[in-house]
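Copied over from TrEMBL, here are the features:
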TRANSMEM  20-40  transmembrane segment
TRANSMEM  75-99  transmembrane segment
TRANSMEM  119-139  transmembrane segment
TRANSMEM  166-190  transmembrane segment
COILED    238-265  coiled coil
TRANSMEM  282-301  transmembrane segment
TRANSMEM  343-373  transmembrane segment
TRANSMEM  385-405  transmembrane segment
TRANSMEM  466-490  transmembrane segment
Amino acid sequence: ILIFCWVYVRKYQSRRESEVISTITAIFALAVALITSALLPVDIFLVSYMKNQNGTFKVWADANVSRQIEDTVLYGYYTLYSIILFCVFLWIPFVYFYYEEKEDDDGNTCSQVKTALKYTLGFITICAVLLLIGAFVPLDIPNKKNSTEWEKVKLLFEEFGSSHGLTALSFSISSLTVIGMLAAITYTAYGMSALPLNLIKGTTSASYERLENTEDIEEVEQHLLRIKSKCRDGRPLSSRDRRTLQQLEERLRTLRRRGRHLESIEKSWWTKFCEAIRPLKIVWGVFFIIVALLFTVSLFLSNLDKALHSAGFDSGFIILGTNLTNPLNMLLPVLQRVFPLDYILITTIVMYFIFTSMAGIRNMGIWFFWIRLYKIRRGKTRPQALLFLCMILLLIVLHTSYMIYSLAPQYVMYGSQKYLVQWGVIVATYNQLGNIFRPLLDVSILFPFNLDQCIVTRTYLFLHKFWFFSAAYYFGNWAFIAVFLIGLVVSCCKGKKSVIEGEVDDDDSDMSDDELSVYYH
């Protein structure tokens, strides 16, 4: 994971503006995001591994051992989530503002640290407020109408002490998960449509683009000559002609930079290699678009099931069991029969969300509402943009667990567990098709009535600690589906991308030409 994070950050990092602190921060934050996303398959595997195929617990999995395993997974979540809180509210903001101050002021380091801490204090205050709200807002409102104010305050402190502050951390993480949901709607939904279609359509030919670029250069040069010819007899140019002349000169510089980049790409071995594996890219693109459509259909059916059969908004649209099955929820129980196909699939799904999120951020850039803050460009990305990218990925990873739960709710809750059902002295069970044949029930198909026989994943308990967050995730899923469909239509209507898409801009300096040449020679 660390090697991948190092290669990814170095690939997009600007060589002229790279800093050791920002590079280490970006690599560490990206690694934390990937490690956290890998914890969900581990959680599902552990609760499934404690039971035999006949529905009984394994010999070593007694109550104490099971409890220890559950607590270990839970504390693993809280440890990684605490690190994410530290990164989002302290480390990344501090490094960002430290670097901003370093650009604005070349003074001493002490002054830069003080200024960065001053701005970071605002993020720390927000984190403290979230922790306090989560710690002192009880989940269960006391029913005693005649209770005094002191008794209510005492109840708050008792609940805070009994949970050891874990509820406060859970509330803070859930608040960040809502922000991650917005980031997933913006970037992941678009990346799921843009990534496969870009692979299928490919890019334009470097030689063809270079020919067009040469024609554009000749056209601009002729236009410049026509304007300059007006002042040959000593007459000054009008203000309109001067503005046009300045714009054309800037346009000419950009076209010449494009020509140099296109020439480098045309001669590079990497371009020839990409052309050789073009059929493989088309196959991967078709596979990814099928997977994206499978996810969207599964998410739609799961949300529709909640809309029709849940207890409504006040319960967070939580349902016990599955009334409308979806393709993914049907596929996972089938794959359970061959170990470890189901775990491979769930891990692939998690990684797919992460990489499509990266693709979405790379294609769209980093925006604040309608304002574009940064671009993610190969070899030319500023340190601040990399820090933003890693922070967005951290937030999206928090929301990934709920996305997977929405796609396969029963499987995320219980994995491949089975349990015994007894009527009188007869022990019988159903398989997935409803045929009585073995003394067990598949928990991933039917919600158990005896919860003591089955172990719920820590992920599920964490996701549904606060009903109002679950309600927000429910509406977020509908928005995710809508954005994906819009992005799919837009990606289909757009033509092929330029082979140097986003790598040459009008505001680039001529010195930036050397940065991209590293990748083409």
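Cβ from N, Cα, C; glycine included.
All annotation found in TrEMBL is predicted automatically rather than curated by experts.
Confidence across the coiled coil (238-265), taken as the mean pLDDT and rounded to a whole number, stands at 82. In summary, the transmembrane segment (166-190) lies against the transmembrane segment (75-99): three or more C-beta pairs, each 6 or more positions apart in sequence, are under 8 Å.
Against the transmembrane segment (75-99), the recorded stretches 282-301, 385-405, 466-490 differ in Cβ pairs under 8 Å, and the greatest number is found for 385-405.
Using a cut-off of 8 Å between Cβ atoms, the transmembrane segment (20-40) and the transmembrane segment (385-405) share at least three residue pairs, counting only pairs 6 or more apart in sequence. Away from its own ends, the transmembrane segment (385-405) comes close to residues 9, 12-13, 22-23, 25-26, 29-30, 32-34, 36-37, 40, 81, 84, 87-88, 92, 95-96, 173, 176-177, 179-181, 183-184, 187-188, 299, 346, 349-350, 353-354, 357-358, 361, 366, 373-376, 412-413, 459-460, 462-463, 473, 476-477, 480 of its chain (Cβ-Cβ under 8 Å, at least six residues beyond either end).
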